[in-house]
Amino acid sequence: MKDLVKFLKAQSKTSEDFDVIKIGLASPDMIRSWSFGEVKKPETINYRTFKPERDGLFCARIFGPVKDYECLCGKYKRLKHRGVICEKCGVEVTQTKVRRERMGHIELASPVAHIWFLKSLPSRIGLLLDMPLRDIERVLYFEMYIVTEPGMTDLERGQLLTEEQYLDAEDRWQDEFEAKMGAEAIQDLLKGMDLEAECEKLREELQETNSETKRKKITKRLKLLEAFVQSGNKPEWMVMTVLPVLPPDLRPLVPLDGGRFATSDLNDLYRRVINRNNRLKRLLDLIAPDIIVRNEKRMLQESVDALLDNGRRGRAITGSNRRPLKSLADMIKGKQGRFRQNLLGKRVDYSGRSVITVGPYLHLHQCGLPKKMALELFRPFIYAKLESRGYATTIKAAKKMVEREDAIVWDILAEVIREHPILLNRAPTLHRLGIQAFEPILIEGKAIQLHPLVCAAFNADFDGDQMAVHVPLTLEAQLEARALMMSTNNVLSPANGDPIIVPSQDVVLGLYYMTREKVNGKGEGMLLQDPREAEKAYRTGEAELHSRVKVRITEYVKNEAGEFDAKTTLTDTTIGRAILWMIAPKGMPYSLFNQTLGKKAISKLINEAYRRLGLKEAVMFADQIMYTGFAYAARSGSSVGIDDMEIPAKKYEIISAAEEEVAEIQEQFQSGLVTAGERYNKVIDIWAAANERVAKAMMENLSQEEVINREGNPEKQASFNSIFMMADSGARGSAAQIRQLAGMRGLMARPDGSIIETPITANFREGLNVLQYFISTHGARKGLADTALKTANSGYLTRRLVDVAQDLVIVEDDCGTHEGLVMTPLIEGGDEKVPLRELVLGRVAAEDILKPGTEEVLIPRNTLLDEKLCDVLDANSVDSVKVRSVVTCDTDFGVCAKCYGRDLARGHLINQGEAVGVIAAQSIGEPGTQLTMRTFHIGGAASAAAKESSVQVKNTGTVHLMNAKFVTNDESKLVLTSRNTELTITDAFGRTKEHYKVPYGAVLSKGDGQEVTAGETIANWDPHTMPVVSEVSGFVKFVDIIDGLTVTRQTDELTGLSSIVVQDVGERATAGKDLRPTIKLVDANGNDIFLPETDVLAQYFLPGKAIVSLDDGAAVKVGEPLARIPQESVGTKDITGGLPRVADLFEARKPKEPAILAEISGIVSFGKETKGKRRLLITPAEGETYEEMIPKWRQLNVFEGEMVQRGDVISDGAETPHDILRLRGVRAVTEYIVNEVQDVYRLQGVKINDKHIEVIVRQMLRKAVITKAYDSEFLEGEQVEVARVKIVNRQREAEGKPPVEFERELLGITKASLATESFISAASFQETTRVLTEAAVAGKRDELRGLKENVIVGRLIPAGTGFAYHQNRHKHRLVDDVVAKLSEEDEAAIADEFVMTADDASANLAEMLNMADDAE
């Protein structure tokens, strides 16, 4: 028995115990060593006997027996002959499963180039030989000769010769040289390469060359050569002489009835290769004419190509039904390939699916499971119980009992199911809450019952949705399901940390109705001794639910010792609120209940319960809330009738007023006062405003009603109109929807997004006429089409995000960095968009937080900022905090818990082993379907409103100007002469309240540090033109301003004033091309004036289109405009919004017209212009001048002689994240991407924590480009993982060498996924062929660090509960190394202590769970 166990262990050991997977090129000897024999014939199986043919593709002698322990001829049967080889048929007697693992081979009569290394770009063979792919193909497909041995001739090695040239050369030199064609020639060339020498040569070339392109080319080739040297691959192995044959059971041939066969396409492809190979062998034996042999060799090459990757070269080989045959490459790539179909997504046994329906009486941790399903799913457990109880003697008997459905079976089912959690899953599973565990309750009927509160997490509704059930079988799985996946453990959303178990719809309506107030309700003013009495009064009809009464309320407050102190007060409240208080858990304040509860308030209730009282209380409270809500929703009798939609009386007059305005615009248009575009924009504006007014009138009408109070006076109260209540409570519907019911439908959009200018003035209550209905359908159909596209796009975005972030796991507690991001509240204009509290909650402080204006430490560094500490920050009005971030985390291959902060779904510091990458990807991807696909067209009307021209302050406070330069004009106002000036208003505590961007040339009435009062306008500017501001006072002197050459004079017809307009260089006559129109300022004597405190002349170069309204010699004062440059009013600008915008940001795509940023700090000047471009020069204080060519049509934001800082915007446009990273660093680019992504999500009202976006940004930044390599293993210009460089630099520092210099690089998520260290992960994502080719040539090793690789090789993932398992495996490896050195006896003793199995892993899990509980 012991031996048998040992034997079984030995069999299973081989596949389990590895830590690295290496991929490489197979040498011919290696292929032969795998093989169990050569396949010589193309036959498959005998069609009469169905036995495999000998030496054929299914040969039993090569691949193993067809039946278990039985040879082909039947001489040896049974287990006792195990391992015998039959002398008659040559088959080894063993299990038939060896037919899945034994390979064969084909000896090719002529070498064949492997198509992957030839055609997968860049071509590896081409790169190695330094030849173009076209030439190599000509040689391979027998069109040209190539010289392999030049000998003493003047031919060169690798030179191509045509047929004629070859014959000439043969005549001249006879046998001096050697030239061949076909794969043999390429093989000879590859064999003859001396890789080391070639590397040396390239290194020297790299030192000498200066041209960038050459360097790139050499580096590429050098990298490939070095990879070959290091990996031990030989270049000639890229040309195959032996072809491996896949085991037959992996390319099955199945006989169908009727004598036909269903076969895998691979068999056809192999047959083709064998046929051609055998024919070629025969031709070579016969010494056939060259041309025939060549043709056969070419056909062999083509058939091998088709087998490996059909359709990569030439037309794909098709089968009988004219569809291309599925080659080996097709087997592994794509959604149906091996990776995605079989390794990453498997079907699961013990599962079922059914329709879901509501289970309003369930507890949160329960679900209703139909008896029929349960019986089927829990079969093995029932069999075991029946046998152990003695009801059945054998499994067969038990099976019969279950099939007969005996009465006893149901009792046992109930017993088995007790406390055995099951998993429910609703597709699509967009985030981890899409699979949760519940305890099953057996029910009659055939639908699964689901608890209403988890619907939000599953995104489920009961209109026919289906859900799948899975049964966790092992004890470990049940434990995990209960401890980690139970619905009661998933109260908070991992995306933002808010409760996800929030009542909606009926429950909200019930609670809202219950907590409303009513003026002069029955029983108003009663005094009641406690909520029980209030309920009694309500039940007996003494008082209405909404009546205002006084009730004695007893609250419980936690004291220092953690016990509850009772506190009773007489409170003004309503009957309903008092009744609701009866379900409140101890420790909640009554103030939260004493209000009209809408959806937001209820969410806050549950959140408070969770934070104050912990998980268990919060869950029980949520359940009670739900039961109460349902009960009172039923009592309320809310329903919708057509009379509830009250149309405001004002509607008709608003509409007729709008129609008059439109008619007026139309007249103006016809008399030519406004353009067609302006007319269209104005009309749309008028209707939009009218619609708003109707909506407002309607809401005023609906939301209030007048009643008579107890004193007999009229009083307004919130209306009890059903439609209003539903919208107001947040149960269903919104003001916009009510507007369509009772106001007017308003403007509709065409499918292309533009707006139809005739609005629908009717609403749904009045009904639409045919035209109005038709207009409605127009835009509505587009909405439906969009939704379908959106779902696919959103899913693809999620897939890319998961792929890029999948290997990011919390691996240590603290990396010890002092770096971090500085968080400040997000303020746009005069209002705070996101308060500081939201940004830092759940983060860890990177530095001590000081009390503003003192040195007193409020919060020490490395403290997790929770709700209480955030209150401290608010109380002390701290307005910027430096917090740790994953982007600045120093951990290699992972992140640390401190840099991540709070686990949002649990509320404490995150545990080690948590897969934060996947959580981040799910949190960003899941709301993707809610984002729009729209591209927003902003027309003239909307953009006119967007162009501000002044700053009006909303708060009283102090003005602060950032990077501002200005001059003071004679009215002692400031005129800005700097570009990106920011103006902020701070309050008495120094907190920033408002934030504005102010353009060049703006006139400020208050300076830096001055006080302002609310409502004051402190800055003005002209939005349509940019002035050129004089910085000194003096007299104007025109230089190169020559009428007709460089400028033209224009006279305004209305005012009669004339002005000078500078011409664009392109429009000028030849004589004026090199002139530079300039305004110079001189003093009264005509001497040059210099700018204050500099030696720069006060002269202003005028760009094209500039308008000068001064005359030569005019006097100007400081701060006066010398000229104006019209800002082209940009027409309709498309703003990419929604999902495409998020995808663009994460893909780090460059926008069409990116902003141009200054590469260095210095003084701007302009050099010689070329045909379409201007030359911009920036001269720094010391060092090289930087120059850049800029297209003329780009509007520049700088004048000649102006000082710019590195990273300043020179020409407006969308900023490129790559530029931001290069010029302003990692923090700036993180901030940019986080803010831009958040803008899109905020617009849709989706809340996502910044952390998740930062996680993705970290993954986008994981590569670096080496700028100075010194004597390290890296090449300059090579792309390497940042972690690798850091590790090397640490070693170099220890050795006292200079560190390798590098620049961080930003990769889009697709690129980053493909550039990951793990080739398995990259291959299973996209471009499988390219990834595998690259990896094989380089002999890459996959350390199996990420989650995906481990799933693919079938291991526990190194995250969550598998984290401990992997750490232990690591420990054992170290122990094994020690053990190997010890003697045999000691080994046995130690091995007993260190055996880690999956069972141990589960023990570890239990340990971890206990730790987690303690932490909570």
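Positions of Cβ are set from backbone N, Cα and C atoms, glycine also.
Binding site for Zn(2+) 2 per Swiss-Prot: Cys889, Cys896, Cys899, plus Cys815 from the candidate set Cys815, Cys870. When the Cα atoms are compared, Cys86 (Zn(2+) 1 binding site) and Cys899 (Zn(2+) 2 binding site) turn out to be 66 Å apart.
In this structure the C-alpha atoms belonging to Asp465 (Mg(2+) binding site) and Cys73 (Zn(2+) 1 binding site) are separated by 56 Å.
Other residues of the same chain near the Zn(2+) 1 site, with their Cβ within 8 Å of the Cβ centroid of Cys71, Cys73, Cys86, Cys89, are Ala60, Leu72, Gly74, Lys75, Tyr76, Lys88, Gly90, Val91. Comparing Cβ neighbour counts within 10 Å across the binding-site residues Cys86, Cys889, the minimum falls on Cys86. Note on proximity: among Cys73, Cys89, Cys815, Cys896, the binding-site residues of the record, the Cα nearest Asp463 (Mg(2+) binding site) is that of Cys896. Counting in whole angstrom, Cys73 (Zn(2+) 1 binding site) lies 68 from Cys899 (Zn(2+) 2 binding site) by their C-alpha atoms. Between the CA atoms of Cys89 (Zn(2+) 1 binding site) and Cys896 (Zn(2+) 2 binding site) there is a gap of 63 Å, rounded to the nearest whole number.
Taking each of the binding-site residues Cys71, Cys89, Cys815, Cys896, Cys899 in turn and counting other Cβ atoms within 10 Å of its Cβ gives the largest count for Cys899.
Highlighted in sequence order, Glu812, Asp814, Thr817, Arg884, Val886, Thr888, Asp890, Thr891, Val895, Ala897, Lys898, Tyr900 have their Cβ within 8 Å of the centre of the Cβ atoms of Cys815, Cys889, Cys896, Cys899, the residues recorded for Zn(2+) 2, and are not part of that set. Most Cβ neighbours within 10 Å among the binding-site residues Asp461, Asp463, Asp465: this distinction goes to Asp465. On a Cα basis, Cys71 (Zn(2+) 1 binding site) lies 59 Å away from Cys896 (Zn(2+) 2 binding site). Close to the recorded Mg(2+) site, the chain also has Ile356, Ala460, Phe462, Gly464: residues not among Asp461, Asp463, Asp465 whose Cβ is within 8 Å of the site's Cβ mean position.
The 10 Å shell around the Cβ of Cys73 (Zn(2+) 1 binding site) contains 14 further Cβ atoms across the protein chains shown.
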